[in-house]
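S.K.: Before anything else, here's the structure in question.
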Amino acid sequence: MILNTLFIESLSNFAHGISSAFFIYFGLNLVFFRNSNRPLQVLGYLFCLWAVQNVKDLFLYVDSVSESTYYSSLLLSFDMWAVPFCALFLLEILYPGFFSLKRVVQFESPLCLFTLVYALTGRSFFYKMSIVYTALFCLVVVLFIVSKVRQYNRYMRENYSYTERVNVRWLMNSMIILALCLLLWLYTCTNISHLGDLVYYVTSTLLWAVVLYFSLRQEWIAEVEESDTEVEQVPLEMEPSRNGASPMGQKLEAYIRERELFLNPKLSLPDLATEMGTNRSYLSNCLNNELGVTFYDYINGFRIEKAKGILEDPAFDGCIEEVALLSGFNSVSTFRRSFQKRYGCSPSQYRKGEVGK
């Protein structure tokens, strides 16, 4: 029994060291040694804060500190400061430019106040209140982020012809893991043990390793303004028609087909508006209200037609990946999903003439 306890304690200490090294290395790298964009720099600040908190936990190895309820609770209260910073990172992803020193102060002030009052009075009430506040704060942030992630991804589909590395679906899975880590952390706050510390260090490090991986591969896109700075009068020929497709819709389709703009795998609605010399709002209104389709689905429709023609060409002997690239798709998996949705079969089945069999 004693050997098992010592083994778990050793593993916990090892995990503590690995976790600290992870946050120190990547935190400093993102902040000082990498030409990081804004979200990655905020993540770097968060990692540096997490590293400081991990190093701070070294005091718990001192018997006089670990055996003191006051000192151990005080050290744990500092851990809660990372929660608002996590929220700031997530909000910076969904709202570029959200992170600022002013918001750091606003988000961190309540927990800093709880920690200060507890440090001065030693009353456990304030420590418990900080735990309750942290739990409620996380609940509100999680619910808010979940709703905004869906809105963000919908915005991507309405403005971009590709979603690979621009949508933030990965945040949903990360939020679930983050919630589990929070529950585990709350448990370790009230039930301190080497096993709990071991699980916490491992899960939290793995969580942020996953977030770092997706953040590094993410194509960060600056937020597009809701309205154009100059509102132009809609030309008569672009106004919607009450019967059938609008002249703007017909012009849009003819323009895209003639120039095969859909072959650009990273075509966006603002790019198309600039190419046509018109207003992005006009195009968005035409697609969403007149044609009832997102920009993503509209452009991929042309790409699927192009792919269909390639697959039907007996002289073409390339692979499916080549078909996707020649059709303008940015991802083979997206090509397969879109083709399956349109024709009810995979590109390979269509090529072999297995449709309807």
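Every residue gets a Cβ built from N, Cα and C, even glycine.
Source: prediction; values computed, not measured.
According to TrEMBL, the domain 'HTH araC/xylS-type' annotation covers 250-353. TrEMBL lists 14-33, 42-62, 74-95, 107-125, 131-149, 170-187, 199-216 with the feature transmembrane segment.
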S.K.: How about long-range neighbours of the transmembrane segment (199-216): same chain, 6 or more residues beyond its ends, C-beta under 8 Å?
M.R.: 12, 15-16, 18-19, 22-23, 26, 39-40, 43, 47, 50, 170, 173-174, 177-178, 180-181, 184-185, 188
S.K.: If you average the pLDDT over the domain 'HTH araC/xylS-type' (250-353), what number do you get?
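M.R.: Residues in the domain 'HTH araC/xylS-type' (250-353) carry a mean pLDDT of 88 in this prediction.
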